[in-house]
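Engineer: This is the feature table in TrEMBL:
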- 444-463: transmembrane segment (TRANSMEM)
- 534-552: transmembrane segment (TRANSMEM)
- 572-602: transmembrane segment (TRANSMEM)
- 614-634: transmembrane segment (TRANSMEM)
- 654-675: transmembrane segment (TRANSMEM)
- 687-705: transmembrane segment (TRANSMEM)
- 711-728: transmembrane segment (TRANSMEM)
- 749-768: transmembrane segment (TRANSMEM)
- 788-810: transmembrane segment (TRANSMEM)
């Protein structure tokens, strides 16, 4: 962002960017993108790429500084932009608006700029125009949600940024780059595209800084400009963000003043940490809360603070922009130099006084109007701290007025004490807000809990009614011989339900589910040994649980949703083997072979006489889709590229054909259900046909969106489901008319579905979404379409396919074809 201010100059370029004769540039940089590698224990390939920022921070002293900016989670882009401009804490509720951001109605920094006559120009991420419609004098927005596109937004920023720097019709310039963010989502931090983007940004920043320096002399265009290069959030090594891990909340701000800068700030306020860079030059950085960004920038530019801000003006950033402090190498005991320090501190105290008054006013208004505000005790504590600061302010002000023409040793301690009191008040408010500012609607929570209980009661009474109508007897635990299995199933269900009361278990849900699944597998192995049957199925099932555990631990890479990632890391199953040719080749070929095998299984299925009419065409559509997916992946493979298929056709056209076939299959299913009912089929066969048809319709799209891990996960789920069904039959002993209560297979089915969710690279966090899957087959962003694809990718293997396949668990248990009995059993396992 680049901007003019009344108190100095400020230009900021964020990779994710803002600017105004004070300029912001947003680049989404992690802190270790900007800080020298010497600050960290181990050097990584992505470090020391933004060398121009490091060079300026080491050579220009306090006129160019690096800050570690600490964000408040959630760290999705919408919440961070909202927090940066309003000065408030983000909310998890706002995450639902991330793909269709509504205009911000709260008072914010951008609104205050416009209200006070500042001209704002924006270029880059179109989220800004959604959040702040009609706020920009000029705007050049570009679509931001196609994470596979690394260059469109950046090229648009470059096209408009440099001409705008030579124009005089703006006060704040915002340039929001997205290449680093998208490269992280698709390829990860440790990847060639990420390094290339960082090096490109370094070149851009060099040119921007050169222009600003050449125009920064007295009377020139950028004499009053400050540059800010910043990120709104960090990234994990996978390139994700949204949560609260240190990698996600730690980002950076580089600030540079083009006027003659202060050489230092008072040591009392300097919290810098210093190290030597690779060239043995001293470099320091300070930490700043992103919560403080809006009010600090407002103070620098000279506009009112946003009403809802609870941040405080940061001393280090404020001193850099104010341009009034020049004390290094001088004797503070000299009255003239002491007066300089007093003037700066008094100016800072004045700013903090207004800042504190604004925070106190907002807290009072919020508590009076909110249904669930702060407690009375908390408000009293905050009010006491503020009253103490105000009382000291009155005395401090009087002394300053009385001694304004005198050189007194008592003024600096008094000002320092006053600053500490205001900072203590603002810190207390921020900590209180962070700890308690999560508002729950208890009434709606109670209604939701009540609906859940009612649904369970309805399900329970429906099962009892079906049992009475069918006239089936329910065997006791002793008669059925499954007392131990029933106890194990109940124990597993209770443990899984109780685990959600612990944050640690929630974070490790996938590992807990795989452990419980393995436990049930051992129980089934015990049955097999005791009954001397189906030992192979029990052993295979345990091996598959081991595979799930390995996949959850190592991760069948989240980035596998796009084959572009595979061009960089083709051995996505084992990143440590990326240099072994045999494994690289296997990672490309094995998914295709498995996909062909799945198509062969379907082909064998339609050879059965029971699949006729529309059902046969539904399965044939799935076989065709599998073949097209294989061609799609082969055309993008660096090893198996097909010369007969152009890159454009293989990349977009083939996935679109697969989607069209899937839609046609759904229409055929609807037709078969309504108009093509075969009265000759018994209930069991009818159920199998419709189950196979539904799975054949959904599986190609799910596999396509999941990437090359899809066929392997699909094959593993088929084998595991088959083992569960076979091992369940060993407990029936031919008692097809007796309702043998054995919940263990259903428990295994559920745990398998949970494990598949984590095996496919998902996890229960906002950054667990695989955004790349939403753009398979399409480059442009359409909210509804991309939301559908993202939903299918997220819940395909864990919800859709396991639920659609659940009837197999019933149909294969009973040899007789009594409809009511099968429907009753199906309602039980559901």
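Cβ coordinates are placed from backbone N, Cα and C, and glycine is handled just like the others.
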Engineer: Which residues of the same chain, at least 6 past either end of the transmembrane segment (711-728), have a Cβ under 8 Å from a Cβ in it?
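Structural biologist: Residues 524, 527-528, 534, 537-538, 540-541, 544, 547-548, 551, 556, 590-592, 594-595, 597-598, 601, 699, 702-703, 742, 744-745, 748-749, 752, 756, 759-760, 797, 801-802, 805, 808-809, 812-813 contact the transmembrane segment (711-728) from elsewhere in the chain.
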Engineer: Could you pull out which residues elsewhere in the chain have a CB under 8 Å from any CB of the transmembrane segment (534-552), counting only those six or more residues past its ends?
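Structural biologist: Residues 510-511, 514-515, 517-518, 521-522, 524-525, 527-528, 713, 716, 719-720, 722-724, 726-727, 729-730, 752, 755-756, 758-759 contact the transmembrane segment (534-552) from elsewhere in the chain.
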Engineer: With pairs restricted to those 6 or more apart in sequence, evaluate whether the transmembrane segment (749-768) and the transmembrane segment (687-705) have 3+ C-beta pairs under 8 Å.
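Structural biologist: No, the transmembrane segment (749-768) and the transmembrane segment (687-705) are not in contact.
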Engineer: Between the transmembrane segment (614-634) and the transmembrane segment (687-705), are there three or more CB pairs that fall under 8 A, provided the residues in each pair are separated by 6 or more in sequence?
Structural biologist: yes
